[in-house]
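A.B. asks: Sharing a structure, written as structure tokens. Questions coming.
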């Protein structure tokens, strides 16, 4: 009995030993976590540096090739080539008055110069030099000899489609995207891949791998996103045309910010095979591929080239309908709805003026313009966000978990990481004063179950059906609407999500939509902006006023 008796000192010693072992285990765990964090940080830095080294090497090799060509052809003047429109260029290439080599090196030189100014390229496609050698075999192609640019997420064999994130730096793509194959078949030469925001779900254009792309017209502004590298390169004259993708305005916003044209076709009109989304499976807000160019005629020629039997053969899921030139060239007067504001996010004064100016021009051309107001925009805003983040942003955060987060996204991503109980609590408390913030926080909790997801899909289908019926009641053929402009200051895009209703609405509806440049900001626009209040007078309206200031001379589309 005495053997099992223990003194208080022995008991105290055991407690101290247990505490010491617990502390040691915690310390060991903390060290393990720290070491793993250090290892991940080191691996991330190594991946980023390798990607940057690949880009640097490709830029240097391209620059050396351009210098060799110019030395071998001292009497060749390349600059006039850059002034030709796409239709003029293709005509001269086909009739032999221009040779593909001069055109190729003119645009390669210009691409390198533009990149040095605005940081728009992720890699020069050095295989393009080899393609140039055999380009004569595609002389019948509509884009014979035309250098083109492609967004980073377009698959190109042997190269990376990074989406601005480290997770896709592990293996290069094994096959060209279908549209890249079609471009080559039509005689086009993809020469460069262009920059994107980290994860693609931003209308800025910056990532930890390749950095920030700047607006070619004002280096204090962003080029827009997510096809921002394309917008900057084309807007600065480094590319005649290129290919982007659009899930919420991603070809239209950069076009608006950089003063060019773009088209978001109906989803499925062009192939998306081999074009990487940041995460797959989201169906509520369809993403689509689309062209970007200096003018509308160029967009038409690109669509004619892409909508061909070769694409229909490579991707049988695309309906085999060629471009309808008869409809495009029709002079029949149209009944056009016009929209100055959706009643959810008040546009800038320059944007409102741009819509009114185009309305007047269309009326002078013999068309009928009637006012139009979209249905239930607040509900549509909720459906858009709920569709994109039906999983509560879990997949997005998982794919970025081993990446340093880009500074442009920190404000945008902050609520994504909050626990659901806190999102719901904040949503409830903020609803009377900040209803748009309240809605965003609530939907960021995710849909919760498969049955709720089905209800969400059904609500989207009903919204499309109701909108089509509304269009028919208004008896309109097409809609004139504002897009997000002018270009934003750096680091502001992540602060204003409400503005996406002006572009993402047409992804939710799966309607085709495009952007054309119209005018530039005036002193009068800036003076009127001083009185801007917005419809909700919340943080988004405050930031929008700040970001829309001091833009005299920038484009409104």
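Cβ coordinates come from backbone N, Cα and C, glycine included.
Bear in mind that TrEMBL entries carry predicted annotations, made automatically and left uncurated.
Look at TrEMBL and you will find 151, 226 tagged as active site, charge relay system. Positions annotated as active site, acyl-ester intermediate by TrEMBL: 250. What TrEMBL lists as coiled coil is 34-65. The annotation transmembrane segment is assigned in TrEMBL to 16-35.
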A.B. asks: With every protein chain in view, what's the tally of Cβ atoms within 10 Å of the Cβ of residue 151 (active site, charge relay system), excluding that atom itself?
C.D. replies: 29
A.B. asks: Which residues does the residue listed as 'active site, acyl-ester intermediate' neighbour through Cβ under 8 Å, counting only same-chain ones at least six apart?
C.D. replies: 200, 203, 225, 226, 227, 244
A.B. asks: So for residue 226 (active site, charge relay system), how many other CB atoms are inside 10 Å of its CB?
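C.D. replies: Its Cβ shell of radius 10 Å holds 34 other Cβ atoms.
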A.B. asks: Find the average pLDDT over the coiled coil (34-65) in the predicted model and report it.
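C.D. replies: Summing pLDDT over the coiled coil (34-65) and dividing by its length gives 89.
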